[in-house]
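*Asks:* Please see the structure below; I have some questions.
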Amino acid sequence: MQFVIVTGISGSGKSTAVNVLEDIGYYCIDNMPPELMSKFADICAQSDGKIDKVAFVADVRGGNLFLKLKDAIHDMRNMGIKVKVMFLDCSDDTIIRRYKETRRKHPLDEYSHGNIRQAIETERHFLETVRDKVDYYIDTSSTTTAEFKERLYSIFLGEGQSAMKIDVRSFGFKYGVMNDADLTFDVRCLPNPFYIAELKHKTGLNPEVSGYVMSFKEAQELLAKLNDLIDYLIPLYEKEGKAQLVIAFGCTGGKHRSVTFAEAVAKHLTDQGKTIRLSHRDIEKR
């Protein structure tokens, strides 16, 4: 099992970090009392591998309970659990600016009587016991959200890997567009197998149909250009920290041409090592 404890200064990006960890498969729990962490770890150990990656967020909101964090880490490591601690930091001026922009109160606002600099100073003192014992220290003062996410991906996934999920889908325009698609390609410009008697009731999953669609030079050129375009766009989306990319191919009924192209592009991306989810929305409709 892999456990990550996310802690650090309020306003430094813990919420963003949790979102990234969720995207790459971590079960995330916000503000769990440290005394309960080892008990939850024991529950995970008995889940038959259903929960094998967990991230806890622990900070000053837990009050004096936070002081038990070092003991909790020690207990989990004694259980044979791989525990990593990530500390997020940020300059005081940047934290103040972020709180002004979001119009949210610092967790120690009442304690400091509304003096945010005093709240930050108190929080830093509170976190001193943890900061020197961390596995990952990240200062987010001068990083963009996209850069911060990329740093987290490199730590928890490996250099050059991305957590972006890619969905490739086919659909029929006669049943409505794919509203959640990021990229929609209309392949109704190609000859339609529907008008070939022996292909009419088959789909793009059938080699006869896909072979017919791809027998035309226009289809071959279109597929090559679309693959080039998608190959160009994916790194740009990844750089911006996009968590999911939906690529949709549409034809009239969603059975022949769109299915053929969705299958071909999915194979192209899979061959590049991308993890793809492939679906055909309207293939069963009549």
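Placement of Cβ uses the backbone N, Cα and C atoms for every residue, glycine included.
Annotations for this protein, taken from TrEMBL, read as follows:
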DOMAIN    1-159  domain 'RapZ-like N-terminal'
BINDING   G8, I9, S10, G11, S12, G13, K14, S15  ATP binding site
BINDING   D59, V60, R61, G62  GTP binding site
DOMAIN    164-284  domain 'RapZ C-terminal'
*Asks:* How does the domain 'RapZ C-terminal' (164-284) divide up by DSSP, counting helix, then strand, then coil residues?
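*Replies:* Summed by class, the stretch gives 51 helix, 25 strand, 45 coil.
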*Asks:* Work out the three-state DSSP category of D59 (GTP binding site).
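*Replies:* D59 (GTP binding site) sits in coil per DSSP, no helix or strand.
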*Asks:* For G8 (ATP binding site), which of the three DSSP-derived states applies: helix, strand, or coil?
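*Replies:* Going by the DSSP assignment, G8 (ATP binding site) falls within a strand, counted as strand.
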*Asks:* Let me make sure I understand the structure: which of the binding-site residues listed (S10, S15) has the fewest other Cβ atoms within 10 A of its Cβ?
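*Replies:* Output over binding-site residues S10, S15: least Cβ neighbours within 10 Å is S15.
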*Asks:* Please list, in sequence order, the residues in the chain of I9 (ATP binding site) that are at least six apart in sequence and whose C-beta is under 8 Å away from its C-beta.
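*Replies:* Set apart from I9 (ATP binding site) by at least 6 residues yet with Cβ under 8 Å, we have L88, D89, C90, I95, I120, E123, R124, L127.
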*Asks:* Rounded to a whole number, how many Å is the Cα of G11 (ATP binding site) away from the Cα of D59 (GTP binding site)?
*Replies:* 11
*Asks:* Determine which residues of the same chain, besides G8, I9, S10, G11, S12, G13, K14, S15, have their CB within 8 A of the center of the CB atoms at the recorded ATP site, and list them by sequence.
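*Replies:* Counting only non-site residues, the set is D59, L88, C90, I95, T140.
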*Asks:* The domain 'RapZ C-terminal' (164-284): mean pLDDT?
*Replies:* 94
*Asks:* Quick check for the class: what is the C-alpha distance, in angstrom and rounded, between G8 (ATP binding site) and V60 (GTP binding site)?
*Replies:* 9
*Asks:* Rounded to a whole angstrom, what is the C-alpha distance between S10 (ATP binding site) and D59 (GTP binding site)?
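*Replies:* Distance between the two Cα atoms comes out at 8 Å.
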*Asks:* Ranked by the number of other Cβ atoms within 10 Å of their own Cβ, which of the binding-site residues G8, G11, G13 ranks first?
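*Replies:* Within the set of binding-site residues, the most crowded position is G8.
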*Asks:* Give me the Cα-Cα distance between V60 (GTP binding site) and K14 (ATP binding site), rounded to a whole Å.
*Replies:* 12
*Asks:* Rank aside, I only need the closest one: which of the binding-site residues S12, G13, K14, S15 has its C-alpha nearest to that of D59 (GTP binding site)?
*Replies:* K14
*Asks:* Can you check what DSSP calls G13 (ATP binding site), collapsed to helix, strand or coil?
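*Replies:* Reduced to three states, the DSSP call for G13 (ATP binding site) is coil.
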